[in-house]
């Protein structure tokens, strides 16, 4: 397909993460464990790639995103791409196409999403994808079948000629899917947009061991050497999985949710954030998740709500994903009516971190602590946060808190 004009495709990946709900406590054991490992490993590589690009672009702003959400949207898009466009998308997701077949890649995503979407009364995790198609466009039936089978995606027809109405329809869908936490995801639509692909994740978690709101108090958070802000600081003394990692020059705190997810908070020593970002690998994450030990500690963690909105074209290009944005894109597997290119890709993520845990009416939990003086671990400087699925060890969300008040 050759043309000097390519019509626009809009890619939207939206995430809402209310930290302290998630996956089933015991995901069923299947023959997919090896497949899960491959998916988790590739997602981790992709996650760190995304994080480092954003960190390099600015070291003074918060970062929060879902590599799973972005990867799912790109994998869906690859179903309708061909030749070099397809290869770039899948290789950008760190798949070796000589070792893993395209069919296995999509089966891997299908299984992972099925695992994550398991119902759990204690936890809330919902992922989903939808296509918004111009009402004059005919989509390839095979593409529709495959995105439905592998990604449970629905297709909705809208009139992109009426950009305000189309924008309203998409934003209303995302707002409803994320329980009102992501609003106005689409600020504007390119005049040539004929297709929008939306992927979203809604996450609400409850700590296994919640903080007491009565103990939350105002404290200083040091954004940098010259900037200090006041934040509500959550406080708890008890048994924590916390240790000091010499390799990373950082304190590492693991906090479990009810269900099958863990948050990893990594607090570097003053002036060591760059060292942490250059040194941290997926192997560190696996080690933290596999070697669990608790000790008595005083932990102080800021209560916060941050968000990030990203132009994925700027983020994905350094990772080698470029052709899909160009007039040379081959997305003829989606439609043969008009030549398509990805005109805009937007990802929005929202993180809320608070004291909430189990609503245990009239129940008090007392923990025995050793007589030795416990370490005081205070997250009063910028830190990294990674939220993982314990079953697959997939990094579902990654971020950096530079300023909790922004």
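Note: Cβ is positioned from N, Cα and C throughout, glycine not excepted.
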From 59, 134, the one Swiss-Prot labels N-linked glycosylation site: 59
Stretch carrying region 'RCL' according to Swiss-Prot (options 342-361, 362-381): 362-381
Cβ neighbour count (within 10 Å, all chains shown) around residue 260 (N-linked glycosylation site): 24
Alpha-carbon spacing, residue 96 (N-linked glycosylation site) to residue 260 (N-linked glycosylation site), which is rounded to whole Å: 29
Integer mean pLDDT for the region 'RCL' (362-381): 67
